[in-house]
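Undergrad: Positions annotated as domain 'Cytochrome oxidase subunit I profile' by TrEMBL: 27-546. Annotation source TrEMBL lists transmembrane segment at 46-70, 90-113, 125-143, 178-204, 216-242, 262-287, 299-321, 333-357, 369-389, 409-429, 441-463, 483-507.
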Amino acid sequence: MADSVSGLSSVEAIDLTPVEKPRQLFLEVLYDWVTTVDHKKIGLMYIAYSLIFLVIGGIEAIVMRIQLAVPHNTFVSPQVFNRMFTLHGTTMVFFVGMPILFGFGNYLVPLMIGARDMAFPRLNAFSFWISAFGGFLLYYSFIGGSGLYGAGSAPDVGWFAYAPLTARVFSPGHSTDYWTLSILLSGIGSIGTALNIVATVICMRCPGMKLNRMPLLAWLYLVTSSMVFIAVSPLTAAQIMLMLDRYVGSHFFDAQAGGSAILWMHFFWIFGHPEVYILVLPAFAFANEIIPVFSRKAIFGYPAMVAASVGIGFISLSVWAHHMFAVGMGAGANVFFVFSTMIISVPTGIKIFNWLATIWGGKIRFASPMLFSVGFLFQFLVAGLTGIMLSVAPFDWQLTGSYFVVAHFHYVLVGAILFMIFAAFYYWFPKATGRMMSERLGKWHFWLMVIGFHLTFDFMHIPGLLGMPRRIYTYEPGRGWEIWNLLVSIGAVIQAIATLIFVYNLVHSYYKGEKAGNDPWDAWTLEWSTASPPPSYNFATTPIVHSRRPLWDIKHPEDPDWNYE
């Protein structure tokens, strides 16, 4: 018991007074941020550049929805529309989804495991800058080519970049080269960051933090980063092969010369479907931290949650070809991928059950982080149901390439992942800045986002069921698609308004938000034991923990959490 007391006091002894720093000139501040290896600053830079690309990708989505709002619309040309959906998909997956989740991981993982920094600080900085340069390179295609019009302008081969569209004969100029290099650089940066997170979680945990005491967020980032090694590497290699096809004369993806266009599909989807889980597992991680705090209960079934996360990581690597049922793989292959796609719903269902069990009987506070978490639970359940539908090969044959698939995919990316990213902002913003975000604006943001989301993506399923193909820039009237496309476009505008409210709330709260203190949510993990914002060294003394909820042990010494492990 004496050891326990000393361990708890080591957390209590942390100096929570923010360090006063002299005012710096702008160039000094810029130099400090550009050259930093502090995991918190790098995490914030990941998040900031992801938000910039979120706005850009959102504008591209609005342009497409305006074009599709009514039949025979001429708001943009077919060439511009092709470039819009290519840039939108690439931006949202590679330069919003992955960087923003890596940003939260960079910021939070060392704090939550009691570490001073990431295992490899310089690799951390290198990974960020090379990823950021990849995003810049994608949009440099507007300058390096001829903008939105003409050969050699912005990429127009779709964000899947299927062969043979990427061959030089079909994609002249350098537009595909910019796309390929941007994905290549993004992949290198992602692999570097993943390596860093794995090393940090395995090697840098504070004394007493055994694997079965790690916060679930650290567990899920460990699983996610391990998946990145396996899933991102083939796509990165495929970019090199594509460049060799385009510039050296090799024929990896040229079917007329003995290559295979299907090979590119395998390379892409070996990355593409695990990528969904690479993005959604950090969203699960946020839910694992937020839901217990706002339910005032420990997470239900910690061991089952860890096992389910590891199970999702393994199974997700064996489901990629359910995107390829229509290419003629054969009945045996189809049966395997139908089964693997369905079986992944089991560990996912365990998670949903455990979150609901955590909420059940809790003393719930419906602050903005919890509102977005509840929205996530319902929407992810619906996304899972439509995913099971698409896992059935005959059903998928009918709807592959339709707007039903687009609706399902966005139900996952927006309804689950983006909602939990917003929840994470509202939850950890006070820790990063020392100020609270506005709850009033947060609730406006939530309800407008819910209305716009369901107006867009609920109704998007219907034209898909009615046969509307994806990636068409206009359509004939009289097919029953008109009213649904109009409603979808209205919903997209509402979501854009909600996002602008969020951006305003973010900026306004940073400068004028209410002072937060060090632990405004009465939370239980180590990041809340240090100052807000944390000092560069994170902790004045290395914490020693004895349970999964070290701050609970400090606040409730009469009923410590280790009694229940």
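Even glycines carry a Cβ here, placed using N, Cα and C.
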Undergrad: How about the transmembrane segment (178-204) with the transmembrane segment (90-113) - do they touch, taking at least 3 C-beta pairs under 8 Å (6 or more apart in sequence) as contact?
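TA: Yes, the stretches contact each other.
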Undergrad: Answer with yes or no whether the transmembrane segment (216-242) touches the transmembrane segment (483-507) by the criterion of at least three Cβ pairs under 8 A, sequence separation 6 or more.
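TA: They are not in contact.
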Undergrad: I need to check the long-range neighbours of the transmembrane segment (46-70): which residues 6 or more away from its ends have a CB within less than 8 Å of a CB in the stretch?
TA: 76, 80-81, 84-85, 87-88, 91-92, 95-96, 99-100, 102-104, 106-107, 128, 131-132, 135, 139, 473-475, 482, 485-486, 488-489, 492-493, 496, 499, 503, 506
Undergrad: Spell out yes or no: are there three or more C-beta pairs under 8 angstroms between the transmembrane segment (262-287) and the transmembrane segment (409-429), with each pair 6 or more apart in sequence?
TA: yes
Undergrad: For the transmembrane segment (90-113), find every same-chain residue at least 6 residues outside the stretch whose CB is under 8 Å from a CB in it, and list them.
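TA: The answer is 39-40, 42-47, 49-51, 53-54, 56-57, 60, 124, 131-132, 134-135, 138, 155, 159, 179, 182-183, 186, 190, 193, 197, 200-201, 204-206, 209, 214-215, 217-218, 221, 224-225, 275, 278-279, 282-283, 286, 413, 417, 421, 424, 428, 432, 525-527, 530, 534, 538.
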Undergrad: State, in range form, which of 216-242, 333-357, 369-389, 441-463 has the highest count of Cβ pairs under 8 Å to the transmembrane segment (409-429).
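TA: Ranking 216-242, 333-357, 369-389, 441-463 by Cβ pairs under 8 Å to the transmembrane segment (409-429) puts 369-389 first.
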Undergrad: May I ask for the residues of the chain that lie six or more residues beyond the transmembrane segment (369-389) and have a Cβ under 8 Å from a Cβ within it?
TA: 280, 283, 286-287, 290-291, 294, 341-342, 345, 348-349, 352, 355-356, 395, 404, 407-408, 411-412, 415-416, 419-420, 422-424, 426-427, 442-443, 446, 449-450, 453, 461, 521
